[in-house]
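Taking it in order: structure first as C-alpha cells, then the write-up.
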Amino acid sequence: MADTRLNSKNCDSETLNSSSFSHRVHDCIKDLKMIEPWVQNGDALSGLRIEDFYDGDGDNTDLVDSVLCISGSRLIRAGFKKNNFTDDIVKFVNAGGGSMNEVGDTAIFIMPDTSFEGGDVLRTDEGIIDGGDFAPLYQSARFGNFCYRFDNLPPGDYFIDLHFVEIINTNGPKGMRIFDVYIQEEKVVSELDIYSIVGANKPLQLVDVRVTVGEDGVIVIRFEGVNGSPVVCGICIKGAPKVPGSQVKHNGLVCSNCSAEVEVTSAQNKHIRLRSTAKYEKKIEELSTQCQLKTKECYEAWMSLTATNQELQKVRMELDNKSFENHCLDQAKAMQAAKLREVTSRFEHKRRFWEAAIDELKRNIKVMKEEHSQLSLEAHDCADSVPELNKMILAVQALVAQCDDLKLKYSEEQVRRKQLYNQIQEAKGNIRVFCRCRPLSKEEASSGYATVVDFNAAKDGDLGILTGCSTKKSYKFDRVYMPKDDQVDVFADASPMVTSVLDGYNVCIFAYGQTGTGKTFTMEGTEQNRGVNYRTLEQLFKIAEERKDTFAYKISVSVLEVYNEQIRDLLATSPTSKKLEIRQASEGVHRVPGIVEARVENIKEVWDVLQAGSNARAVGSNNVNEHSSRSHW
C-alpha cells in the first residue's frame with residue numbers, strides 16, 4: 001500500500017455552503033397510471049412530495065444539482081465540528097489516517113482506517129482551510145478505485161456522511177479528478193469534482209445520504225473514477241429516524257389519505273424523475289425566452305442611456321472648456337498684476353540702491369584724494385630709503401643661502417645619526433634575549449611552594465636554577481628581570497627599538513615561556529599598568545610627532561594570533577576559509593597576504609584596534625590561561 005505525503009499550496013478561493021438536491025414530484029398520479037395500470041385511485045396518491053431545499057449562498061447551484069442523486073442529501077463547504085457529533089453515530093472512520101480521540105463534555109472517538117478494499121493512502125502537511133474542529137481528519141485520505149464494506153450492522157435506516165478534500169491537485173484546473181459514489185450499488189453522487197466546488201485544501205461534506213440495511217447487516221460504499229482517481233477523507237455512519245408517513249419509504253409512496261404504501265420500482269422512479277426533469281427543462285426554456293426579451297429591452301434602454309450620456313458628456317466638456325478658459329484668463333490677469341507689482345518693486349529697490357551707491361562713491365573719492373596725498377608723501381620717503389632696502393635684501397639672501405647649507409648639513413647628520421644609532425643597537429646584538437621571573441602567586445605560596453631561581457648574578461645576566469640539594473644550573477641572558485622589576489624597567493630596554501622602527505628598520509619583540517609565566521601581562525599589561533606593546537606604541541607616536549616637521553609617517557596595525565601552527569586574523573569581521581601564511585617579499589620584508597591592516601593616527605585608535613583584537617582572541621577555559629601560552633599575537 002502506497003503512502004503518499006504532499007506539500008502543496010495555492011488553493012482556489014471557492015467556497016460551498018451546505019446544499020441539497022431533490023425534486024418536487026407533480027402529477028405523480030398521472031405518472032403512476034402510465035407506468036402501472038393496477039394503480040386505480042390517483043387521488044389517493046396526491047399527497048406525494050419530496051422536500052427540495054438548498055442550503056448555501058446560491059453559488060454552483062446547477063453544479064450541485066447535477067452531482068447529487070439522492071433526495072435529502074446535501075453538500076457542506078466546511079469541516080466537521082464538535083456540535084455535529086451526536087449520540088446516533090454508529091461508526092466514524094478516518095480514511096487513510098489513524099484514530100482520533102477527544103475527551104470533553106462529549107467523548108469523541110474516530111476509528112483508524114479500516115473495512116476498505118483497494119486504494120492507497122495519501123497524506124499532507126498543508127494547513128486545511130475552514131477544517132472545523134478536526135482539521136487533521138482532512139490531512140489524510142484514501143485514493144484510487146476502492147470500496148468500503150461495513151458488516152454486522154443492525155437492520156434499519158442509516159445516514160451516511162462522506163468527507164472529501166482536494167490535497168493533490170492543489171493548483172487545479174477543474175476536471176482533474178471526477179468520480180462517482182455508489183452506496184448499496186445505487187449511485188448517490190454523480191461526477192463529483194471537489195476542486196470545482198470548493199477548491200484546494202478546503203473540506204467538502206456530503207451528508208444525510210439515507211440508506212437501508214437489510215438482514216445481512218452490510219453497507220457497501222464504492223468509489224469509481226470517471227477522470228482521475230477517487231478520494232475520500234472520512235466516512236460517518238449515523239442512525240436515521242423513521243421516515244414520516246408522507247415521505248418515501250423503501251422505494252415506495254404512501255398515500256396521505258389512507259396511509260396505504262404503494263411500491264414504486266426503480267424504473268418508475270426513473271420515469272418520474274425524467275418527467276420532472278422535462279418539466280423543469282420546459283420551465284427553464286420559458287425563463288430563458290423571458291430572459292432574452294428582458295435582455296433585449298435592457299440593451300435598448302442601455303443604448304438610449306448611452307446616447308443621452310454622450311450628449312450630456314459633450315455639454316459638460318463644453319462647459320468645462322469655458323470654465324477652463326475663464327480660469328486661464330483670471331490666472332493671466334493675476335500674473336500680469338503680480339509682474340507689474342514686481343517690476344515696480346524692483347525699480348524702487350534699484351533707485352534706492354543707486355542713490356546709496358552714488359553717495360558712497362562721493363565719499364570714496366574724497367577719501368581716495370586724501371590717501372593719494374598721503375601716498376605721495378610716503379612715496380618720496382620710500383625713494384629716499386631704497387639704498388638701505390637694497391642692503392637689507394642682500395643680507396636676507398645671504399641668510400637664506402646659509403640656512404639652505406645648514407639644512408643640507410642637518411640632513412647629512414640625520415643620516416649619520418641613524419646609521420650610528422642603529423650600529424649601536426646592532427653592537428648590542430641583533431637578537432637579544434631577556435628573562436623575566438614573576439613572583440610566586442598566592443595559590444603557590446599558600447601551597448608551600450618555594451622558588452628555585454637564584455638571582456645573585458642577575459645584574460650580570462646570569463640566572464641560576466636549583467636542580468637538586470646542592471646543584472645549580474646556570475643560564476646566560478642579555479638581562480635578567482627580577483620579580484621586583486616593574487613594567488617600566490622592562491620597557492627601558494625595549495624603548496630604543498622604537499627609534500629604529502621609525503628609522504626604517506624591522507623590529508620584532510615577542511614573549512616566550514610556559515603557561516602562566518606572565519607573557520600576556522608583560523606584553524599587554526593592564527589599563528593601569530601597561531605592558532611592552534602599549535608603551536612601545538606610545539613612544540612610537542611621541543617620536544613621530546617630534547619629527548612631523550621633517551618626516552611624514554603612515555602607521556597601520558594588524559593583529560594576528562598563531563595557535564596550533566595556524567594564523568588567525570583577529571581584526572577580520574567575518575571568518576574566512578582562506579589560509580593565511582607569512583611570506584617574505586622581494587625587498588626582504590615579511591608580510592601576511594590577505595590580513596586586515598587598520599590605519600591609525602594616534603595612540604587611542606591603536607588601543608581600540610588592540611582591544612578589538614584582544615576581544616577576538618580565543619582564551620582557554622582553565623585557570624592558568626592555557627590558551628594564552630599556546631597562541632601568539
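Start at 1 and count along the chain as shown; that gives each residue its number.
Backbone N, Cα and C define each Cβ position, glycine as well.
Here TrEMBL flags 351-378 as coiled coil.
If you look up TrEMBL, you'll see 430-633 marked as domain 'Kinesin motor'.
In the three-state DSSP assignment, the secondary structure recorded for Gly518 (ATP binding site) is coil. Residues or ranges marked as ATP binding site in TrEMBL: Gly513, Gln514, Thr515, Gly516, Thr517, Gly518, Lys519, Thr520.
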Same chain, outside the coiled coil (351-378) by at least 6, Cβ under 8 Å from its Cβ: which residues?
none
Least surrounded among the binding-site residues, given as Gln514, Thr515, Thr517, Thr520, when other CB atoms within 10 Å are counted:
Gln514
Residues near Gly518 (ATP binding site) in space but at least six apart in sequence (CB under 8 A):
Arg436, Arg438
Ranking the binding-site residues Gly513, Gly516 by other Cβ atoms within 10 Å, which is at the bottom?
Gly513
Report, as a single number, how many Cβ atoms besides its own are within 10 Å of the Cβ of Lys519 (ATP binding site).
21
